[in-house]
């Protein structure tokens, strides 16, 4: 903490000496590493930092703060169930080349009150503006339906979140937002971006990284399963036969 | 007790999983079926991805059938000859099942196919069992015994070429019949994560016409090796076995199986069959509802 304070003070000094025009953002994340291992049931990340005017004084009231935590993007196929002959089966599908595995946005005010649609689209501020890169020529209406479906699905899984008013600014200089990561998060490099917005214009932004990864036994198991399928299968067979046999022997004693 | 599952990529309550294993273990001990037909759907309802659930359930069935095989082989209740033919068919079936699994997954229809298979199989077998046990309960009450079914194999079996003698089963039939039967259960094991005992036993009795005293032991023998082959197949193709999940399931089910076996010696077998039929039909009904009602999420996502 004292190091952060020191860097803050250094910036303070820098700003007062140079008198730059853009506001200064000093973002920080409570955890730069999230380890998926035994006992992990999800976690809460604290995205916080300071925002200063170019003169180096506190004046956060002039800025709206938006923080975005975004997971790695990947290609996915999204399928839609339709009722055919009385049963619900996957009837339509589309592919997205860059669906983020996780996306959370928190802001001081509803996004629509902070920026116009164009700016929101450019900076991907909000689930509505995610650039999912659908593959194949499907009509815009259908595309919109699928995109909305993907967002809804992930919202109910807790992997996409929108928290308007989730950013709290105290003393007009320190901001903070709490963002939940559920236990089903995927591994990869997550980026935490902070935007300072004034009069509908993004005046400063800064980003930092959060590594989500498996560790220890969990990492070993996942690697073992992926790289040495045969040995892993043998192990599973030995464990199951061994436990069945052992239980039989133990109960024979009772 | 929170446990993080490294392959399923989520955290679950370990006690619930062990309890789930125990319930199916008790059932398998009582009825001599693997209980996979109950574990897989329950795990899916609990939120475990279907592929991981099916892959991990097979090892639980292996564990639950081990002690049964030992017990039956001790009193000569396993026909190793016909059993080995069925195991060969079963291994073949898991290979075919793996190809089908892959194909259906690419088409995005694996879940629907699994659900429909469950409804059809459990529905038909469950109603057959229910009908039979109600008949025998009635017969018990009225004192008029049900006419014993004449033991003979299905005419279709008789028409197959090449005949072998299977002494312990008292059969002179084509080995193709048990091979095909084994193959079908192998496919089902791979797709649904079930051992297939509740299909095998009636099929061995009424289609192959095996003598009743080796049916249960031989079916357990076949299930033991087929589920082992399935586990290997999943480990090599889908990489979806979660060993942490499987170990917890096993912990519950092997213990439950022993308790169930003790209980089954005291209970009335006819009533037990009716109870099993009811459970099977309930699972089938639940799956059927799932197909017919609009699901909460009509969208599903899979990595490309």
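A Cβ is built for glycine as well, from the same backbone N, Cα and C atoms used for every other residue.
Record features (TrEMBL):
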- B:12-38: transmembrane segment (TRANSMEM)
- B:82-101: transmembrane segment (TRANSMEM)
- B:113-130: transmembrane segment (TRANSMEM)
- B:171-199: transmembrane segment (TRANSMEM)
- B:205-228: transmembrane segment (TRANSMEM)
- B:240-262: transmembrane segment (TRANSMEM)
- B:274-293: transmembrane segment (TRANSMEM)
Seg_contact(the transmembrane segment (B:240-262), the transmembrane segment (B:171-199)) with at least 3 CB pairs under 8 angstroms, min sep 6: no
Leading contact stretch, B:12-38, B:82-101, B:171-199, B:205-228 vs the transmembrane segment (B:113-130) - CB distance under 8 Å: B:171-199
Interface-richest range of B:12-38, B:171-199, B:205-228, B:274-293 toward the transmembrane segment (B:82-101), CB pairs under 8 Å: B:171-199
Residues of the parent chain within Cβ reach of the transmembrane segment (B:12-38), under 8 Å, 6 or more residues beyond its termini: 1-3, 5, 46-48, 57-58, 60-61, 64-65, 68, 118, 122, 189, 192-198, 201, 216, 220, 223, 227, 245, 248-264, 267, 272-273, 276, 279-280, 283
Long-range neighbours of the transmembrane segment (B:171-199), counting only residues six or more past its ends (CB under 8 A): 31-37, 39-40, 53-58, 61, 65, 82, 85-98, 100-101, 110, 113-114, 117-118, 121, 125, 129, 153, 157-158, 160-165, 207-210, 219-220, 222-223, 226-227, 229-230, 233-234, 276, 280
